[in-house]
């Protein structure tokens, strides 16, 4: 099969057509006519087989995740996901594989009204790079640099389940059957917090998505905003499966594990009630897990007592 | 070394700062405030080691080429290159390698006033995906679909040298020392025809960059525009090195070889003189190599006689 036919067959037909896209897939470039008074948020993330997902991950999950991790970056800025490009490197063309991969991609695109505008298909070791773009009213995007001391630190949802799933897959722990499906779903099919991002944009001072681990990503906010932070471990939102499996080590895994794709954000006292009301009305789960401060470090407390916890974070090149 | 430090050290410092970029590298997304009445052209291309460049290619050439092939797509639309993201997958961090790679990237960015706005660094088999974006006055971008029968077909520069260099590297032919450096330069350091693209935008009906081979890319124009074409082999712009090395097979290699990154474009009789004058004044080499027609095929002539030439084109998956 010819490369061009493959691309044409699987990537050209799609449901979502956005009005800003004046030329879609099939030429040297796509063309966008950007709406006025909006900024464009742009992000790129690569997933490599064996590094960012286990080699036996279902192709539908790989397609989902490749898009989801990028939409999560858009969510962290409070942007509306709009269009994506996909560059995929495949060892060989396996039609079933490509078909299922595309299912994962397009399910998410249709759900969030995102148009695929281009891409590249090449031969080589399996990896996927997505570039995603979103729209945000001018000057309103959430940055990592907006936090000040004394603000409240929040996260959406529950954290650590994706890391727990990875430990289970690698035979480091055994997750009981009752919880297994739900934690593996968190690893394979992360849900980008797009609605939450657009909601907190009106209230939060800074935000980031938790991809490298809660502490690692909070560190980015602290460094960019020049604040310290204390995390109240009592308030960490942990799943039943996490507590049942990890016991006393649950908090440690939740703080260090990556791949959560929840949002971590910082809110001023004055915006606390408004934001909590807005998120509650939309049915979005959130927890207040600590506060920023004047120090230059991240500390943790349990029952109001300082505790030390191993917080290594996740790095690709950790020589 | 930590991944984040690597990214910070090599990719954050750069000379080019464009006014549309309201937030550069370092957050979840970059932010662009797009100028009014301009469309944004977007393209993505991946280079895989051993597929798109020989494994022993100098890192500076890899950096150059990864950016150049994308700027070439922008050139084919007549767009002004504006900002790029780079996703790079590396087997390991080798500082010398990264330093030289960045040299290749930034030389081209500075020359064309392109700002690097983001990227991703991951561990795995060497490959680079660049997403490039450019600006074009609304409604003026050149597409593949604009050709009509009876128009003139042009190419910029000389074609086939990159394919010749690859044959030399693979020991399939021997390029004489006198020509060797210049043909290998064509393979390793392709020059995207950005100025030519912006110039022909005012005159041409359709354009494409020659990445897969002249015939393969002309085929795209023919299919999109529903025209046929005849190529006059006497007029193919071939280098001295090409003629000296390939003799009677020079035209065949020039038509089928990929990686030229010259522009192929189609111009109406009424715009012929204006366009030739504009390109000549800018010192851009070009050749008129044939004409579109009403047929549904691509033919070739030599000395006004029809000739058959093997025109397979280049496909990644040619099972």
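From the backbone N, Cα and C atoms, a Cβ is placed for every residue, glycine too.
All TrEMBL annotations are machine predictions without curation.
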Checklist entry - According to TrEMBL, A:28, A:43 bind Mg(2+) 4; which of A:73, A:94 is also listed for that site? => result A:73
Next on the checklist: Below 8 Å between Cβ atoms and chain B: which of A:28, A:43, A:44, A:73, A:212, A:259 make it? I'm asking about the binding-site residues.
Outcome noted: A:28, A:43, A:44, A:73
Checklist outcome for this item: Sequence-ordered binding-site residues within 10 Å (Cα) of residue A:212 (Mg(2+) 5 binding site), taken from A:43, A:45, A:73, A:259, are A:259
Checklist outcome for this item: Comparing the Cα of residue A:119 (ATP binding site) with the Cα atoms of the binding-site residues A:28, A:43, A:73, A:259, the shortest distance belongs to A:28
Checklist outcome for this item: Rounded Cα distance in angstrom between residue A:43 (Mg(2+) 4 binding site) and residue A:211 (ATP binding site) is 14
Checklist entry - For the domain 'PurM-like N-terminal' (A:26-135), DSSP counts of helix, strand and coil? => result 37 helix, 45 strand, 28 coil
Item to check | binding-site residues clustered about residue A:44 (Mg(2+) 1 binding site) [Cα within 10 Å; pool: A:28, A:52, A:144, A:211] | outcome: none
Checklist entry - What is the interatomic distance between the Cα atoms of residue A:209 (Mg(2+) 3 binding site) and residue A:259 (substrate binding site), given in whole Å? => result 9
Item to check | Distance from residue A:73 (Mg(2+) 4 binding site) back to residue A:45 (Mg(2+) 1 binding site), taken between C-alpha atoms, in Å | outcome: 9
